[in-house]
Amino acid sequence: MTSTIAHSLVHIDGSFGEGGGQILRNAVALSALLSKPISIPNVRHNRKPPGLRKQHEAGIILAAAICSAETEGVHLSSTSVTFKPGKIELPKILTADPGTAGSTTLLLQVSLPCLLFFSSPTSPSQLTLHGGTNAIQAPQIDFTQHVFLPFMKRHFGLDIALNIIRRGYFPKGGGAVFCSIPSLTEALPPVTLTERGSVQLIRGEARVGGLPFIIAERMKNAACATLIAAGVSPTIIRIDAVRETPEEAFGSGGGILLFAETDNGCVISGSSVSTKSRDPEEIGKKAVEELLRNLRHDGCVDEHLQDQLIIFIALAKGRSTIKTGPLTDHTITAIKIAEQMTGATFHLQQNPSGFVIISCDGIGYTPSP
């Protein structure tokens with residue numbers, strides 16, 4: 001692979017599948033890695049309003065900074081984007097700030113694949129992300145910390161450090177997250193994960209910032225009561241209530257993340273974010289309902305981790321096989337983009353009981369010197 005652009009534009013329909021920002025994140029990340037320029041019409045066609053929001057604009061600008069890309073249409077409300085990657089320079093000390101409560105976890109999604117392969121062997125990339133840490137319609141930063149990154153370490157050997165400097169709640173944002181991302185010198189290994197094992201422990205945190213501590217306690221108590229009513233033994237439930245200091249959080253808000261740990265090392269989550277229109281008891285109950293729904297299908301990853309893994313198994317060397325619950329629209333979309341951009345081959349086996357076996361013959365990607 002050379003640093004010059006030798007490919008014609010790859011056209012990716014922004015209205016496909018979930019028709020939202022995930023198409024942008026996955027396509028732009030793979031464009032930067034593979035030196036394939038892309039054109040995306042119908043950006044966020046299935047969202048209201050359609051077009052780029054500030055967080056998507058910030059994510060594309062971040063990716064462009066990583067690979068010295070030329071871009072067109074990267075501005076608020078744009079419905080057509082062109083991204084032409086150039087040369088990647090090392091090492092990287094980067095920052096991104098949408099100026100809103102846009103999700104820091106989504107900014108990480110677009111940048112992490114690029115930085116894993118293009119960090120310096122002796123100097124990890126340093127990435128500071130500003131915005132929302134516990135936002136609706138996006139994984140909370142707690143999910144990244146307790147589910148996604150442990151999976152990446154266990155199955156890919158990647159020790160990615162994440163430090164929550166300050167939480168930022170909707171609608172003000174103002175959060176800050178620091179990541180240190182090591183380099184990969186060889187292709188990612190394939191993942192085989194088809195036996196979930198039995199649940200040994202259910203842990204979690206119900207947290208608030210800028211709100212009374214009793215709200216976190218009410219979320220926690222409702223979650224515990226809902227789990228016990230569903231037949232979960234109280235001896236395996238470990239949920240904490242947390243209230244952040246003004247120095248630890250900007251704005252006021254909260255949320256809850258629960259995760260079940262199995263004896264095979266799988267982590268299955270359920271979460272919910274506080275809103276003014278819902279009682280804390282409803283928030284705690286909703287997180288439990290999501291957790292139990294994910295456990296019911298006997299998958300080895302939950303619905304949020306499911307789609308985030310697609311890029312990595314497409315880039316890995318050899319065949320990965322992962323048992324999931326029913327495929328989400330995000331996962332179906334991620335598979336389509338990965339196949340179109342990388343040439344990796346996916347096979348899906350859907351079981352009548354609800355679980356799916358995703359198999360992928362990855363491309364064994366390694367960066368050129």
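Numbering starts at 1 and runs along the chain as it is shown here.
The backbone N, Cα and C atoms fix where each Cβ goes, and this holds for glycine too.
The domain 'RNA 3'-terminal phosphate cyclase' annotation in TrEMBL covers 17-347. Among the features that TrEMBL reports, ATP binding site is placed at Q109, H304, L305, Q306, D307, Q308. According to TrEMBL, the domain 'RNA 3'-terminal phosphate cyclase insert' annotation covers 194-295. The active site, tele-AMP-histidine intermediate annotation in TrEMBL covers H330.
Per-class residue totals from DSSP over the domain 'RNA 3'-terminal phosphate cyclase insert' (194-295), listed helix then strand then coil: 36 helix, 38 strand, 28 coil. Distance from the CA of H330 (active site, tele-AMP-histidine intermediate) to the CA of L305 (ATP binding site) is 10 Å. The candidate set comprises the binding-site residues Q109, Q306, Q308. Of these, Q308 has the most other Cβ atoms within 10 Å. In terms of Cα spacing, the binding-site residues Q109, H304, D307, Q308 that come within 10 Å of H330 (active site, tele-AMP-histidine intermediate) are H304, D307, Q308. The Cβ of H304 (ATP binding site) has P139, F143, V147, S269, S271 as same-chain neighbours under 8 Å, each 6 or more residues away in sequence. Of all the recorded positions given, namely L305, D307, H330, the one with the smallest number of surrounding CB atoms inside 10 A is H330. Pairwise Cα distances among Q109, H304, L305, Q306, D307, Q308, which the record gives as the binders of ATP, peak at 13 Å. Within 8 Å of the centroid defined by the CB atoms of Q109, H304, L305, Q306, D307, Q308, the record's ATP site, lie the Cβ atoms of P139, F148, V301, E303, L309, I310, H330, T331, A334, excluding the listed residues themselves.
Confidence for the domain 'RNA 3'-terminal phosphate cyclase insert' (194-295), expressed as mean pLDDT, is 95.
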